[in-house]
Amino acid sequence: MDFYRPLLRPLLLSQLNVDPEWLTRNALGFLATLARSRSPLAANLRSYLRQTYGFQDPRLAMSLWGLTFATPVGLAAGFDKDGIAAPLWSDLGFGFAELGTVTALAQPGNPRPRLFRIPQDLAAFNRMGFNNASAEALADTLRGYFPEGQRSIPIGINLGKSKLTPLSGAVSDYVSSFRSLRSLGDYFVVNVSSPNTPGLRSLQAVTELEPILAALQAENTEQRPLLLKIAPDLVDEEVVAIAHLAQRQQLAGIIATNTTIDKSLLSVEHLPGRREPLATEAGGISGAPLRSRSTEVIRLLHRTTQGQLPIIGVGGIFSAEDAWQKIVAGASLVQVYTGWVYEGPLLVKTIQQGLLERLDSAGLPNLAAAVGSAAIDS
């Protein structure tokens, strides 16, 4: 039985003055307690989660970068920043989980309130600012959870720049985080696309980005898959330039996309509980308003690289159809966060069941055969 939709979702969508960050922090805290506990009750609860939310079919399995993804649906970065619930994500049906964003220096993030739900648009608005306990703290957490290095699903780690580090020191800042964590993650993501760290998006310019990627690859002696997460607000020419740079630097893939700063996508004039005009609010939008543009970027990346650069698609996935559209546009894997919060934990299982139905309808043998099948030029 799923308790989320009848009990927790109404609270999320209500007009009560409930801080979304408080809800998220407490939900994550419960999962972290469950992950740490060795009690029989915790074991029974985890077994219940696996039975309720788990779903696997070999036709959905994907192999990338020497890793096996039993299911193509992963948890996007931003929810479990410090990895405190890392062992639990497989219990909830995810095929992989991306932790972070973490930075070299611990930082509190931006002032509260900094996370808002906008139910009428099925959206979230955040200006969290990479609040995290530091890359070294995440390393300690992962060593504690996985002392032998064995994880039930691939774990990705999303790396950002510390707010106190000037843009001129970005290279050493990213390298410092990577050094702390490089043996503890299955893949790594360079995040230069959050709108909530001053100047960060300027690092998406090829001339700024290339030294960062080159330094990380030089440090990448264990040959961990290194990916880049990009913004949906780039113009197509910038997306193409980044795709070529990614290939030149032999990146493992691209994650498309991060949040958007295009406030015209929202129907509201003010954020919940705020009087300031929306146009003056700093932050990024995730959820349904991002769906179309993120899929467009995926399609453009797939065409530009002729399908040679794996893509993880994220942005506005609330259903199997949303995930399918990103896959046929060129995504090999997909991630959820905002849609997962709105729809509940069963979303992951529902997506997988729906993907199988679409494979059958299309007469395709497996999900790999669907990747990019609708990305051809019209």
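Placed from the backbone N, Cα and C atoms, the Cβ positions cover glycine too.
Swiss-Prot lists Ala77, Gly78, Phe79, Asp80, Lys81, Thr101, Asn158, Lys229, Thr257, Gly287, Gly316, Tyr337, Thr338 as FMN-binding residues, and of the candidates Asn44, Asn191 the one it assigns to that same site is Asn191. Listed in sequence order, the binding-site residues near Ser194 (active site, nucleophile) (C-alpha within 10 Å of its C-alpha) are Arg127, out of Ala77, Phe79, Arg127, Asn158. Here the C-alpha separation of Tyr337 (FMN binding site) and Gly129 (substrate binding site) works out to 17 Å. According to DSSP, Lys229 (FMN binding site) is assigned to a strand segment. Among the binding-site residues Phe79, Lys81, Asn158, Lys229, the ones whose Cα sits within 10 Å of the Cα of Asn258 (substrate binding site) are Lys229, in sequence order.
For the binding-site residues Lys81, Arg127, Lys229, the ranking by surrounding Cβ atoms (within 10 Å, all protein chains) places Lys229 first.
Residue with the densest Cβ environment among the recorded positions Ser194, Asn258: Asn258, by other Cβ atoms within 10 Å. Annotation for the binding-site residues Gly129, Gly287: lowest Cβ count within 10 Å of the residue's own Cβ, Gly129.
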